[in-house]
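As structure tokens, the structure follows; a few thoughts come after it.
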Number of protein chains: 2
Amino acid sequence: MTIQSREQCEQLDREDALAHLKQEFALPEGVIYLDGNSLGARPKAAASRAAEVIQQEWGTDLITSWNKAGWFDLPSRLGNLLSPLIGAEANEVVVTDTTSGNLFKALAAALHMQAGDDQRKVIITERSNFPTDIYMAEGLTGWLQRGYRIHLIDSPEELSTAINAETAVVMLTHVNYRTGYLHDMQTVTALAHQHGALMLWDLAHSAGAVPVNLNAANADFAVGCTYKYLNGGPGSPAFIWVPARHQAKFRHPLSGWWGHASPFAMSPHFEHQPTIRAALCGTQPIVSLALVECGLEIFAKTDMQALRKKSLALTDLFIALVEQRCAGFGLELVTPRDHVQRGSQVSLHHPHAYALIQALIARGVVGDYREPGILRFGFTPLYVGFADVWDAAEHLRDLLASQSYDLNLKRNAVT
Amino acid sequence: MTIQSREQCEQLDREDALAHLKQEFALPEGVIYLDGNSLGARPKAAASRAAEVIQQEWGTDLITSWNKAGWFDLPSRLGNLLSPLIGAEANEVVVTDTTSGNLFKALAAALHMQAGDDQRKVIITERSNFPTDIYMAEGLTGWLQRGYRIHLIDSPEELSTAINAETAVVMLTHVNYRTGYLHDMQTVTALAHQHGALMLWDLAHSAGAVPVNLNAANADFAVGCTYKYLNGGPGSPAFIWVPARHQAKFRHPLSGWWGHASPFAMSPHFEHQPTIRAALCGTQPIVSLALVECGLEIFAKTDMQALRKKSLALTDLFIALVEQRCAGFGLELVTPRDHVQRGSQVSLHHPHAYALIQALIARGVVGDYREPGILRFGFTPLYVGFADVWDAAEHLRDLLASQSYDLNLKRNAVT
């Protein structure tokens with residue numbers, strides 16, 4: 001169906017079985033929020049949950065809350081709530097620390113598992129990967145000083161030739177933060193395994209955005225973020241997945257007391273515990289951690305198949321509207337057109353991308369800018385509707401047609 | 001003055017110039033809270049601050065809050081608020097990650113600075129140190145595989161013979177978590193430097209508890225905790241201090257994007273920044289982080305000298321009351337009697353310590369238990385008064401005299 005009018009979009013919204021989920025979120029009036037891939041919107045429940053943790057659990061119950069309110073167990077409990085979204089089994093995920101920190105642990109563990117083979121010294125990743133993943137790999141391998149090399153490929157097509165008997169680990173972000181390109185998890189994992197390499201996935205732009213089945217793909221390790229599509233709150237702790245089959249041999253250098261086999265025995269030597277809790281290190285930020293549950297509770301009201309169907313309908317619509325109604329203004333589609341290669345975002349290139357994003361934000365259409373020259377729009381089916389997509393595209397068309405954006409505006413240091 | 005009655009304690013409370021600060025905290029009625037060395041009490045301001053961050057900054061301002069609300073700068077801003085409490089200069093402290101994680105960074109940086117000297121392979125610490133510090137040192141050195149050894153000493157007196165030309169780093173917790181023993185920072189740091197070693201201090205039980213002057217002592221690195229005496233909230237992010245003179249050479253393996261010289265340039269290679277922000281790694285848990293400010297604001301209403309004076313008066317009083325009124329029941333003082341060796345806690349040994357602590361908690365006197373056989377009481381001058389100390393000692397005496405605690409009670413796995 002070709003969409004020609006806002007009325008048709010409104011009709012799609014009326015027919016949308018997920019439309020009621022928007023009520024779970026506290027979004028400001030008049031804002032079309034297409035930046036849930038950077039910071040997810042606030043679940044309404046987050047305010048009362050924070051008040052409960054702060055007033056009752058911290059203020060009144062004080063130290064007893066480590067047991068009584070389950071604070072100590074929270075990383076595991078949240079991990080188990082998150083598991084179904086990524087195809088993990090129970091007791092394979094904890095929510096803890098940062099994505100960067102968790103990637104360090106997973107990569108270290110993977111290299112440790114490969115240490116018996118002196119020929120396997122190469123970590124393969126993409127130059128276009130989110131930079132912190134590459135930085136953490138540089139940090140780890142630079143310090144180990146054992147001849148590890150990071151091989152940056154420039155296109156997913158290179159994977160089939162790049163992976164070989166020298167590859168220790170293939171470390172990829174499932175959905176690219178900039179382009180929205182979606183890797184085929186099953187195929188790439190199988191390719192890595194075929195050559196004896198281990199497969200580490202960063203799900204920062206996948207968890208809650210696209211269906212993921214880590215165990216079906218037989219992946220080796222995964223990490224990801226809870227503050228984007230999972231709506232856990234600003235900078236909410238990240239997650240790490242270690243499949244049951246690898247837990248006994250999961251070793252990393254961040255061996256803090258929360259990962260100890262008997263954390264409260266206060267023994268002066270570290271003792272590994274063969275569970276997912278070996279991925280824990282220090283004491284967790286409980287208030288931020290507790291809010292992750294509010295986002296996960298909303299996912300429990302639907303499923304990733306339904307969300308994926310709507311996500312593709314939204315991104316299809318946006319691409320179509322941009323191509324039909326914003327043609328001739330220099331926009332280029334960066335995100336793959338093919339569904340099997342597309343995450344839950346649409347990225348467009350334009351020479352004045354930064355100025356355009358600022359002008360859109362001023363009109364209440366919140367997307368973001370990414371270097372170089374990318375307008376990035378995240379489509380979160382939990383709270384974005386079809387009329388929102390129409391309106392966003394119309395604002396973009398109007399800005400381009402009227403040239404009512406600041407041609408001289410340059411990106412400042414921090415945005 | 002020998003205290004003989006509760007009335008005398010009430011008089012001390014009336015004369016206490018810090019007594020009004022208790023009003024800044026939301027403590028439950030009828031509770032004498034002597035566990036602020038484990039989890040600080042809740043500042044009243046924390047509830048409204050959390051509501052502001054969640055409702056306005058996250059919910060309404062959304063992604064713009066990274067700049068507009070200063071989220072990105074928060075680790076540095078809080079670090080600067082904390083600096084005066086530990087004798088740090090501006091731009092030498094950030095609040096971020098966990099104490100374990102920060103210790104890993106500081107220890108790695110110290111080993112890196114010593115790497116030019118092949119003879120310096122020993123890290124000296126105490127067997128009685130909080131275990132996670134030893135575990136992180138084990139994690140780091142085990143992975144580096146460059147002949148590093150951890151030398152565990154059994155008493156502070158051993159320091160003078162243990163530190164020598166093979167010592168790379170002396171890594172001590174300033175106030176021992178179990179005994180409350182306080183090291184002389186100036187003397188120990190000078191001893192380490194005399195032998196060419198670097199000095200790393202863990203201030204988990206010092207920051208906000210005793211006066212600390214890192215720069216006056218010429219220390220090299222420090223880390224610490226904000227959720228104990230600083231009242232930042234359960235598991236609130238930790239801090240790390242790197243003095244200006246070491247920032248250009250501060251290198252560690254957790255090189256995430258927040259520590260990059262240009263985090264938003266999205267360059268595929270890590271570039272060190274010669275500032276305290278090189279100690280940052282991944283995206284921080286903003287809600288938990290923001291609450292740290294509520295605790296620090298209370299410290300701005302007083303100073304560490306005044307707090308120390310009251311702290312010593314409280315611990316002196318508790319020791320005196322225990323020795324006068326609980327004599328003959330098998331309690332042994334573990335904490336040093338000498339002021340210059342005492343933190344802000346009193347630890348007592350008793351064969352039934354765990355059962356006694358449980359019975360005290362049931363009466364509203366909240367202390368905690370630490371292995372082996374230690375009753376631990378933290379005295380936080382911000383919200384503990386002299387009559388509280390009297391009442392705590394009376395409850396303890398009454399329990400001992402009446403033997404009204406469960407002689408068979410054993411510690412369970414997680415407390």
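Just so it is clear, glycine is given a Cβ too, placed from its N, Cα and C backbone atoms.
TrEMBL: automatically predicted annotations, no manual curation.
As recorded in TrEMBL:
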type    : residues                                                                                                              : note
BINDING : A:THR99, A:SER100, A:PHE130, A:PRO131, A:THR132, A:ASP133, A:THR173, A:ASP202, A:HIS205, A:TYR227, A:TRP257, A:THR283 : pyridoxal 5'-phosphate binding site
MOD_RES : A:LYS228                                                                                                              : N6-(pyridoxal phosphate)lysine
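Locations of recorded TrEMBL features on the structure.
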residue: A:THR99; record: pyridoxal 5'-phosphate binding site; DSSP (3 states): helix
residue: A:PHE130; record: pyridoxal 5'-phosphate binding site; DSSP (3 states): coil
residue: A:THR173; record: pyridoxal 5'-phosphate binding site; DSSP (3 states): strand
residue: A:HIS205; record: pyridoxal 5'-phosphate binding site; DSSP (3 states): coil
residue: A:LYS228; record: N6-(pyridoxal phosphate)lysine; DSSP (3 states): coil
residue: A:TRP257; record: pyridoxal 5'-phosphate binding site; DSSP (3 states): helix
Neighbourhood of the residue listed as 'N6-(pyridoxal phosphate)lysine' by C-beta distance under 8 A, where only residues 6 or more apart in the same chain count:
A:GLY36, A:ASN37, A:SER38, A:LEU39, A:GLY40, A:ALA204, A:HIS205, A:ALA207, A:GLY208, A:ALA209, A:GLY378
By the criterion CB under 8 A from chain B, which of the recorded positions A:THR173, A:HIS205, A:LYS228 would you report?
none
Which ones in the same chain are close to A:PHE130 (pyridoxal 5'-phosphate binding site), with CB under 8 Å and 6+ residues apart in sequence?
A:THR173, A:TYR177, A:ASP202, A:ALA204
Measure the Cβ-based neighbour count of A:HIS205 (pyridoxal 5'-phosphate binding site), defined as the other Cβ atoms within 10 Å of its Cβ.
28
Any idea of the Cα spread of the pyridoxal 5'-phosphate site, A:THR99, A:SER100, A:PHE130, A:PRO131, A:THR132, A:ASP133, A:THR173, A:ASP202, A:HIS205, A:TYR227, A:TRP257, A:THR283, as a max distance in Å?
30
As a test of the contact definition, list every same-chain residue at least 6 positions from A:TRP257 (pyridoxal 5'-phosphate binding site) whose Cβ is closer than 8 Å to its Cβ.
A:PRO263, A:GLY282
Sequence gap of 6 or more, Cβ distance under 8 Å: name the residues on the same chain that satisfy this around A:THR132 (pyridoxal 5'-phosphate binding site), in order along the sequence.
A:THR99, A:SER100, A:LEU103
Can you tell which of A:THR99, A:THR173 has the most other C-beta atoms within 10 Å, given these are the binding-site residues?
A:THR99
